[in-house]
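These notes are about the structure you will find just below.
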Amino acid sequence: MKETIVAQATPIGRGGVGILRVSGPLAADVAKAVVGKALKPRFANYLPFKDEDGTTLDQGIALFFQSPNSFTGEDILELQGHGGQVVLDLLLKRILQVNGVRLARPGEFSEQAFLNDKLDLAQAEAIADLIDASSEQAARSALKSLQGEFSNKVNQLVDGVIYLRTYVEAAIDFPDEEIDFLADGKIEGHLNDIIAQLERVRSEAKQGSILREGMKVVIAGRPNAGKSSLLNALAGREAAIVTDIAGTTRDVLREHIHIDGMPLHIIDTAGLRDATDEVERIGITRAWNEIEQADRVLLMLDSSDPDSRQPEKVRSEFLAKLPSHIPVTIIRNKTDLSGENEGVTQENGFTVIRLSAQTRQGIDLLREHLKQSMGYQTGTEGGFLARRRHLDALEKAAYHLRQGHIQLTEFRAGELLAEELRMVQSHLSEITGQFTSDDLLSNIFSSFCIGK
């Protein structure tokens, strides 16, 4: 028999309204015990909430939702009373006196909604993301995920893969039917379409992950280029020590900031040069480790340094060591000394921003550039939010699609193509929860609020 669970749905502490939520087969029994009568589904009732001996604990609104027409798909009772924590604790204690009712685990209401097919896994995760959203756009994107936008894109991919699997496996299982998919250009065409479609979803998911988790921006460059001054300017405080001595920063410095609500992880690193000092060499090694994991790199150049007036050499030396997939923005700092005008230009495929970290002139240009790099939009449009596990699943699916394409075009191996397509379907289905381990479900829902 399914269990009946209860939890406080509003935050712990004082408030105007406090809500307790009950879900499960005993929800109607709890209603009779607390308000003294059966409740008509989907009608608000203003009633006293009573203790076991009949004394009134509080009075408020009682709502009953009958299975399957509820958030969890089970019978649900909501008691909306006053928001004092003592009153809510007394009412919670009263509900737990009903035999068979227990406290809910974190995220258990959403888990029940998932298990009862009221939500898929990506939609359930979007509930927590909507609650935790730190900007208007993150909230709108989480809502789109909750409404199924991400899931619909994934399901379209799954449908395409299933179609291919059906075609390929039929040809393998029934060779007498003369379905020669190896010589059929349509199958390769469909496979290419799915690969392109998946890449578009991966790109959107990457942007959605940045909205949720923040973009990691690493400030890199030669010593004394003004990296620490730029960190301080973006952070709005003296987070890093700044001196005229080259090599002042020996270790990695991190600051978490928001630009119009968009989360940003700014990382200041040691100046890049051939160092003889052991401590500085360690700092430079750590700097490159951070650079290789960045979502974007700000390459700092000292515009007052004669060498930086020909930045191609500095840039080429740096880019030669940088992974090609990491975007780079070039910052020409110290315009107050060089006399260059603050502004943004496009040069040789790079965005170049001229500013002075010391005087803060041009910093707003950099802030706007970072916002746009993160996908900031002022309107109501926006994509979906994505989590790291979603990106991992999409990456694995993309890998097996590429392998399947090789099996088809180079080796004409039908059985191996079918197996790669099976793996693609499995990884995509992990996102929505069609094929998901119990351990993964436990980890996901345990991070939710109690009462959600």
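Even glycines carry a Cβ here, placed using N, Cα and C.
Among the features that Swiss-Prot reports, (6S)-5-formyl-5,6,7,8-tetrahydrofolate binding site is placed at Arg21, Glu78, Lys118, Lys452. For Glu78 ((6S)-5-formyl-5,6,7,8-tetrahydrofolate binding site), the same-chain residues lying six or more positions away in sequence with a CB closer than 8 A to its CB are Ala9, Ile19, Leu20, Arg21, Val22, Ala62, Leu63, Phe64, Phe65.
Residues annotated as domain 'TrmE-type G' in Swiss-Prot: 214-375.
Annotated K(+) binding site per Swiss-Prot: Asn224, Thr243, Ile245, Thr248, in sequence order, evidence recorded as sequence analysis. All protein chains included, Asn224 (K(+) binding site) registers 21 other Cβ atoms within 10 Å of its own Cβ.
Swiss-Prot lists 224-229, 243-249, 268-271 with the feature GTP binding site.
What Swiss-Prot records for Ser228, Thr249 is Mg(2+) binding site, and it gives sequence analysis as the kind of evidence. In the three-state DSSP classification, Ser228 (Mg(2+) binding site) falls within a helix. Neighbours of Ser228 (Mg(2+) binding site), defined as other CB atoms within 10 A of its CB across all chains, total 24.
Neighbour counts of Cβ atoms within 10 Å were taken for the binding-site residues Arg21, Lys118, Lys227, Lys452; the minimum is at Lys118. Using Ser228 (Mg(2+) binding site) as the reference Cα, a 10 A cut-off selects Ala270 from the binding-site residues Lys118, Ala270, Lys452. For Lys118 ((6S)-5-formyl-5,6,7,8-tetrahydrofolate binding site) paired with Lys227 (GTP binding site), the C-alpha to C-alpha distance reads 50 Å.
Lys452 ((6S)-5-formyl-5,6,7,8-tetrahydrofolate binding site) sits 50 Å from Asn224 (K(+) binding site), taking the Cα positions as reference.
Under the DSSP three-state reduction, Lys118 ((6S)-5-formyl-5,6,7,8-tetrahydrofolate binding site) is assigned to coil, being neither helix nor strand.
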